[in-house]
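First the structure, in the form of structure tokens, and then the observations on it.
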Amino acid sequence: MQLLESLPVGDRVSFVEFGFGDAIAAPFQCVHHAFESCASSSPDSIALDRQSSCLSVRLSQSLGIERHSRVCLLVERSISMVVAILAILKAGAAYVPLDGNVASRTTIQHSSVVPVVFLDEFALAEDSVYVIYTSGVPKGVEVKHGNVTNLVCLSPGNLKMGPGVRVSQLMNIGFDMAAWEILGSLCNGATLCLRGKTSRDWKAVLETVDVVIDTPSMLVPHEPSSYPNIKRIAVAGEACPQGLADKWAKALQFYNCCGPTEITIVNTMQLHHPGETVNIGKPTPNNNVYVLGDDLEPLPIGQTGLMWAGGAGITKGYLNLPSKTMERYLSDIFVNDGSLMFNTGDLGRWRPDGTLEHLGRRDDQVKVKGFRVELDGVAAALESSPGVSVAAALLVDNVLWGFVAPDTVKSETVLLDTAKIQPYYAVPTRLMVIQELPKTSNMKTDKKALRQLALDETARENSNNPVDSEKATMDVLVEKGEMPLELPPPVYTRFAGAPRLRPAYDDSIPIKAQGPIIRNFRHRVFSLYRRLFGIVFIVNLAIVIFFAVRGTTVIKLGEIVIANLLVSISMREGRVVNAFFFFCCSVPTSTLRSRVAEVYHIGGLHSSCAIAGVVWLVFFTVKATQEVIHGGNVSRATLGVTYCILIFLLGIVLFAYPTLRSKRHNAFERVHRFLGWTATLLVWCQVLLLTNDYKPPHQSLSISLVKSAAFWLLLVLTGLIVLPWLQLRKVPVRSVVLSDHAVRLYFDYVTTKPGHFTRISDNPLMEWHGFATINEPGKPGYSLVVSKAGDWTSKQILNPPTHLWVRSIPTYGVLRIAALFKRIILVYGPCAPVILARKVPLRLLWTSPDVRKTFGNDLVDSILEAAPDAVLHDTRKDGKPDMVRLIYELYKDFNAEAVCIISNPNLTRKVVYAMKSRGIPAFGAIWDS
């Protein structure tokens, strides 16, 4: 099939094998035909056929009810209800069941019908059997006879009903699961047992039946040991807790089912076995399920997508709502037989064994701290805690609430157990422990009532005079006339995320590729930074071999020393760095970009060439010393200057050692600067002396210098050192103190670009400090944020400057590479310019103690406006997160192509290694990038 070509070959086969139920013809086209057949074959069984036939004639002759008519059935649960249903069907009409206790005026008005003239022709399989109204805004779903018989007359949907089998009738008549009970019983000749109004009546029915169709919520208060008579239970309508399924499956056949009203009661069923993960099983006979992407493209097995349903269970559509029908019902593109497929609005994925995993409603996906959270998943995690019988989760006013029952469980234990399964952001901030969750008239968990409980509790806490919420709570927990309960007031517990709630998350993160030795060599020992070292080493080694074979002179060795130092210094000149970034970041979108994106590692050339230059200087010194000893051309003055240069350069290398550099950064800067300048002057002296030592007697020194390669190399080297200082200037600064921890500095002498950083100082001879620039689109100048990280930064916050020194030009840094990718994850640090530029789709992970207090509302608001899905983690409030876990989840959730992190060296190395070792492109500046 052409539509499946995007899938791997194996998944194409599975798409059909998993998604299409068995093709089995239903034995009856109409519901009442099945009933009449059962009555005929089992005449001694208790039947309502005579009374229903009389009522059918009356409906036809007196009220003009005919085929295609709809009859509003406003009743309470009784034998007359069943008689009326059967009579309406025999008249060829469809019934519209409304519970007389709960039907709204709007629903009754929407279901109004018009009497018509009676015809002798009765119902067919394509005719409506009933109209069920969905919850919320009334949407009447027209269900056909053929839809119903396809479920209730075939296994497993018939639940082995038959003569002598007693079936409970517990569901509200306005709930389509009631049709499963009633019509399933009638179509298979079973005995239907109607419950009364009290909880005692419920128990009495349950103690006498063989088959129960129910919602999980209604089973929670009951124990299997109390009902040894029950042989089969089917639950649907809401997610089934794992513990509930395991408990009942040990005692009987327990089916977990799923399907919205629009596909006729359920279209997937799974016979659950204790210990197995709860799932919704496979499509029932003649039904299809497709897991598709947003563009209706088939998704590979195991990938989460939107579940669409097709086949014999698809209903006619919404009554009197053609536009809504066209929105949710589409032509089934996978069968091309004119049938429809329905958008269930449910998320799911295929498991390798061909069963479906239900991942909640798409509408129930909420954003918590920037992450997508499945409320059903949170509820399932809450239910995993021992003692919790049922749970629910809701996002109320941007706060994640959990609700658990019964009220004997300990809230802290529940949250700790939840944190073992869910990441910190999906652990409820508020937990409400109550005796029993409220239920709707359809016996589902009443989420509106739970939301109101949460709002009432919030209002009570925010009020100086606590509101009396007990009565309101009791009102929503007790269903009048259905299940009177005497409940104590709910127990409320507030619990904020804390470090102790952080579990080991490795279970949900892919294992690292390759073994630890190969992995470490690949991503650490042979990082690009070190590979550049290797390239420089190989080039210089080749020169050594060449000289060993051909021989060399002190002059040639001197030229190689200066050439290496020239390359090293050029890697620190802003214009050279910008040129590297410009060319590498001009690479078109391709697999090459993840390679060139590591351009910031050109610091490896700086360090390696500097080391090579010093090594060559050692060779030079040894050779020069030999010449002096043996009376060669090198003068003692030249040799003395050479030893001074060597000492200075060894001092620079010593202070550049990473450990010493990080501990004594200011000392490193001063040694680097002053010894470097002094060494440069001495190199000039050395070149002049050495040129004079080797010049021909008849040639002037000036002519010899012009002909010397070392002279020109040194001239360029000196220019690269001097050029930034020629641009040294003191510029005005506008300072805005954001907090005790940060100040924002505004400059207008130049306008920067996203990815630039600049160096500033109040004492240019002694120290310089680099910061990422923030350029606001359409505005001249730039700003930067100075956060407290030492004496100098603290001084700028306490005494905001009015003028500062700058030099050179703004230079590109790591975040310049963001433009190479279509979608990226940014992990805090100086990311504001990339975010505000809005040129690359991104997700931001910002971990900091109270970002608004630290950085001020203006900056935070501008960042959140440009990155509304940013994840803000307050480390003071919520503790330090598992960064690898959070970043991986963001990467998968956002379908990003790369991760960029700006942080301290240890965390940067940890994150970059963790991502790369799992095949995820990750980039972060190291100490010498």
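Glycine is no exception: its Cβ is also placed from the backbone N, Cα and C atoms.
Automated prediction, rather than curation, is the source of TrEMBL annotations.
As annotated in TrEMBL, transmembrane segment covers the listed stretch 640-659 rather than the other ranges in 640-659, 820-839. Between the stretches 379-400, 599-620, TrEMBL puts its transmembrane segment entry on 599-620. From the options 82-100, 671-689, the stretch TrEMBL describes as transmembrane segment is 671-689.
For the transmembrane segment (528-549), the list of distant contacts is 556, 560, 564, 598, 601-605, 607-609, 612, 615-616, 926, 928-929: same-chain residues at least six beyond its ends, Cβ to Cβ under 8 Å. Long-range contacts of the transmembrane segment (599-620) within its own chain (CB-CB distance under 8 A, at least 6 residues past either end) are made by residues 527-533, 535-537, 540, 554, 557-558, 560-562, 564-565, 567-569, 571-572, 577, 580-581, 584-585, 642, 645-646, 649-650, 652-653, 656, 813-814, 817, 923, 925-926, 928-929.
Here the domain 'AMP-dependent synthetase/ligase' (125-319) returns a mean pLDDT of 90 for the predicted model.
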